[in-house]
C-alpha cells in the first residue's frame, strides 16, 4: 500500500511520550522514494536502480538534512510514503547499484527521471562514476608497483639498493593510503547520489501527473439512496462507534477510539481478509512494528525531511512502521534463497503509524486519514520473469476481496509522477464513498522489481544458469540473481470501515454488515442505533 513506497519526502518525527509533532506543510504520496520510490519504464525491464534514503534522528519534526528537496504530494489516498524530498547524508549501507548499466543506458535513465519529476542528478552520478573508475585504476597501478618493489626486496641486494627500495615502498604505501581514502569518500558520495535515482518504469505506465492515470477496471456502480446520506462521522456518532474527542485529549488530533460494533468490525475485516488471502497460498505473519531506520531506507522510504510520514524513536536508530511492507521486506535481508523457495508469498497484519504531514481539509476528516491504523498487507518475492504475472495476481486478489464486500470501485494504472521510487508499476484501487461524495483510495499494488532487493541484499540461486551464461565447473557456481519484490494492500481497516458504514447505511440509521463478515462478527447482521 502506498506509504508506499516511501515515506514521502519527509523528516523523521521523533516519538516522545507526550505528544506527536504536528504535521506542517506537504508533499505527499509517492514521489521519489515512495514518490521517489517509483520505478521507470523499459520494455526490457531496465534493471532497477537503488535509491537510498538517509536516516536521521530527529527532534520533533526533524529539519531537512540538505537543500535537495523535491516535493510531490498525492491528493487522496493512503499515501505511499512518498519520498518527495531527498537528502544527501552519508549512507550507512551500500545498494548494489549497476552503475555500468546506468552509464550504458543514460538516455533511458534521464527520461525516466524527468517523467518521475525526480530530483536525482544523473550527470553528477556519471561524473562521480567516471572519477571512481579512474581512481580505482590508479590505486591498482600503485598496488602493482608496491608488489614489484616487495618482490625485489626478496632478492639479495646491496644495502644502498635495499634502502632505496625501502624508501620507494614507503612512498608508495603513503600514496596508496591517501588514494584509498579518497576512493572511499568518492564511493560514499557516488552511493548518496545514485540512491536518489528511482526504479525504471513499465513501458505501459501512463506518463504525467496523477490526473494522467488511466482506469483499468470499474466494478459495480454507486448505490442510489432514497433518503439523505450521512457520512461515516455522523453514522459513527449516532451509532456510538468511535470517539475522536477523547482520543484527541489523550493522544492528539487524528487519533480515535473504536467502540462497540466498530471493534468487532475491525477484527472481522482483518480476520476475514487474512483467511481469504491464506486460501490463495500466502503465509500469514504478524510483524514487528518497530524497525531499524536502515531497513526503512532500504525498502525505499525516506525517514527524513520536512514532511516525513515516518515516526522515529528519539535516541535510537529505530522507527515505527508505516506499513508491514517494511518488516516483511526485511525478513530475508542479506540472504540467498534457493530457487525452490520461490515464490514466497506473505500476508502480514500490523499496526501502521504515519505522521500524515500536510494532510488537512475535509478530504482527510474522520477515519480517512489517521496517525495509527491496522492493515493487512500482501508481499511477494519471486523470480524476475514472474513479477509481472504476480502483480496481476495481487491486483486480482484485491478486486476479488472488494467485490465480495459489495463495494463499487475502480482500478487505476498510476502515472509516472505518482509512482514511488521503488515502483516499476503501481495499480491503485479507489472505492466510492457516498458520505464523502467521492472516490477514495483504499488500496494499491506495486511491482518494485529488483529495486528493494538490491538494497536489502535478497538474492536467489537459479536451479539452472541463464541461457546467456556458461557456469564454471563445480558445485554451486550458478550465479545468483536479485529477486523481485511486490506489495499490495489487502485491507486498510479505517478506510474499509468508512466504505462499509457509508455504503451500507439504512434509512432507519442502522448499517448492514456485508455477508462475508457476519460469521466473523458472531452472526451480527446489522449495527443498530442503541435506542433500538
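From the backbone N, Cα and C atoms, a Cβ is placed for every residue, glycine too.
Marked as ATP binding site by TrEMBL: 354, 355, 356, 370, 371, 372, 373, 441, 442, 443, 444.
The coiled coil feature in TrEMBL is assigned to 125-182.
Per TrEMBL, the feature domain 'Aminoacyl-transfer RNA synthetases class-II family profile' maps to 231-514.
For 459-478, the entry in TrEMBL reads region 'Disordered'.
The signal peptide annotation in TrEMBL covers 1-21.
What TrEMBL records for 489 is site 'Important for serine binding'. Cβ neighbour count for residue 489 (site 'Important for serine binding'): 30 (other Cβ atoms within 10 Å of its Cβ, all protein chains included).
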Integer Cα-Cα distance in angstrom, residue 373 (ATP binding site) to residue 489 (site 'Important for serine binding'):
13
Rounded to the nearest Å, what's the C-alpha distance separating residue 354 (ATP binding site) and residue 489 (site 'Important for serine binding')? Just drop the number here, would you?
16
What's the longest C-alpha separation between any two of 354, 355, 356, 370, 371, 372, 373, 441, 442, 443, 444, the listed ATP-binding residues, in angstrom?
19
Just name the winner among 356, 442 (the binding-site residues) by count of other CB atoms within 10 A of its CB.
442
Output the one of 354, 371, 444 that, of all these binding-site residues, has the highest number of other Cβ atoms within 10 Å of its Cβ.
444
Per-region confidence, the domain 'Aminoacyl-transfer RNA synthetases class-II family profile' (231-514) (mean pLDDT, whole number):
93
